[in-house]
Amino acid sequence: IIFSAPFAVISYFLIWFVPDISTGQVMWYLIFYCIFQTLVTCFHVPYSALTMFISREQSERDSATAYRMTVEVLGTVLGTAIQGQIVGNVVTPCIETPLFIGKTNSSVAMEELNMTHDTGLLTDTRNAYMIAAGVIGGLYILCAVILSAGVREKREGSELRSDEPVSFFRGLKLVMNHGAYIKLIAGFLFTSLAFCSAPVEEVAPHACSNCELSFPEAEAATLTIPFWQWFLTRFGKKTAVYVGISSAIPFLTLVAVLDSNLIVTYIVAIAAGISVAAAFLLPWSMLPDVIDDFKLQHPDSHSHEAIFFSFYVFFTKFASGVSLGISTLSLDFAGYQTRGCSQPSEVNFTLKMLVSAVPVGLILLGLLLFKLYPINEEKRKKNKKALQDLREESNSSSESDNTELASIV
């Protein structure tokens, strides 16, 4: 975490920097974007895996996960607000299509309009993005310092460990052969794809002039995470998954049935936010239970927490990348016009499919996979008791060895 944070900030800053080169700008942005994502992963994997090292109690780890997800959503809202407010001060008006400019020399007129617009706002736009990158980079460093200085790992000497550590590749093979983990990450992948592929904010150009509909979704997710934390402790995690994630289906269906308008879009955004809270909180809170189950089945294999969490992080990024690619390509095939004042009718239909039919199908598939997930509340309690018994046995044997060694000395 300490190593990756400053380099991640530098690479993020360079993503928004416009190099004074005539060729190779695509490679510039591609290289620094890949470096940034790599460094963010270096931060995210140990940051997520710390959940297993701050407590051995399942209830405390669930509580820590709820706090972590709440602050992550708040951070998303804060980052979006900072970027939007700073960059939003540079007004970027929509551009009429050549049909509205006039058929005579329409391409020339459009080119002249673009050149005039770009010349007038290019400097202000560059400065705005650089300022926003600097502010967000400063917050990144501040959070990394607080995390590294304020969180202490609790490595118990009496943990179930063998004298000989297991190699990484053997540990990876053991982890990927653990059935409960495979079912959990599969369900997590499809539900993540469902909510990432529903670009609710893309409907905004058809409903209002400002595109801030991601804020109701994020705010709803932030406010309902404590509720889902209470719900899972009261009714169990699998029940919370079914209720929380499926609750978005009726509202997503409204998008396909009703015409797009401001009220419907806000309702769908808020309902999606409530389900997003459940879709991202609950699988993360279920992961420590899988690790406990793995420890019982492989008591001589230890220190694989990072492998479990790294694949979770991977599938989060994978879902985001795939959904972004699908959404962008679908809108491109439908004839979406960047900064266009109006869009073809095919774009409206494509948006409805991306917001309704596609996520509903992915949600149903994800819930089916969660149905196969074997760790229910009864199984979780049995694992908890079995781990406590093994730790007590390990402690007793360790104390006996120490006593025998002292007597010999």
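Cβ atoms here come from the backbone N, Cα and C positions, even for glycine.
Segment annotation: TrEMBL labels transmembrane segment over residues 66-86 (candidates 66-86, 171-191, 213-233). Of the Cβ pairs linking the transmembrane segment (239-257) with the transmembrane segment (349-373) and spaced 6 or more residues apart, 3 or more are under 8 Å, so the two regions touch. Counting same-chain residues at least six beyond the ends of the transmembrane segment (349-373), those with a Cβ under 8 angstroms from any Cβ of the stretch are 180, 183-184, 186-191, 193-195, 197-200, 202-203, 206, 238, 241-242, 245-246, 248-249, 252-256, 260, 268, 286, 326-327, 330-331, 333-334, 336. Secondary structure of the compositional bias 'Basic and acidic residues' (384-394), assigned with DSSP and counted as helix (H, G, I), strand (E, B) and coil, comes to 11 helix, 0 strand, 0 coil. Beyond the transmembrane segment (66-86), the same-chain residues lying 6 or more positions past its ends with a Cβ under 8 Å from any Cβ of the stretch are 48, 51, 128, 131-132, 135-136, 139, 143, 212, 214-215, 218-219, 221-222, 225-226, 228-229, 277, 280-281, 284-285. Outside the transmembrane segment (128-151), and at least 6 residues removed from its termini, the chain residues within Cβ reach (under 8 Å) are 1-2, 5-6, 8-9, 12-13, 15-17, 43, 47, 50, 54, 75, 78-79, 82-83, 86-87, 89-90.
Remote same-chain residues near the transmembrane segment (306-329) are listed as 37, 41, 44-46, 48-49, 51-52, 168, 171-172, 175, 181, 185, 188-189, 192-193, 196-197, 199, 202, 283-284, 287, 290-291, 294, 354, 358 (criterion: CB distance under 8 Å, separation of at least six residues from the stretch ends).
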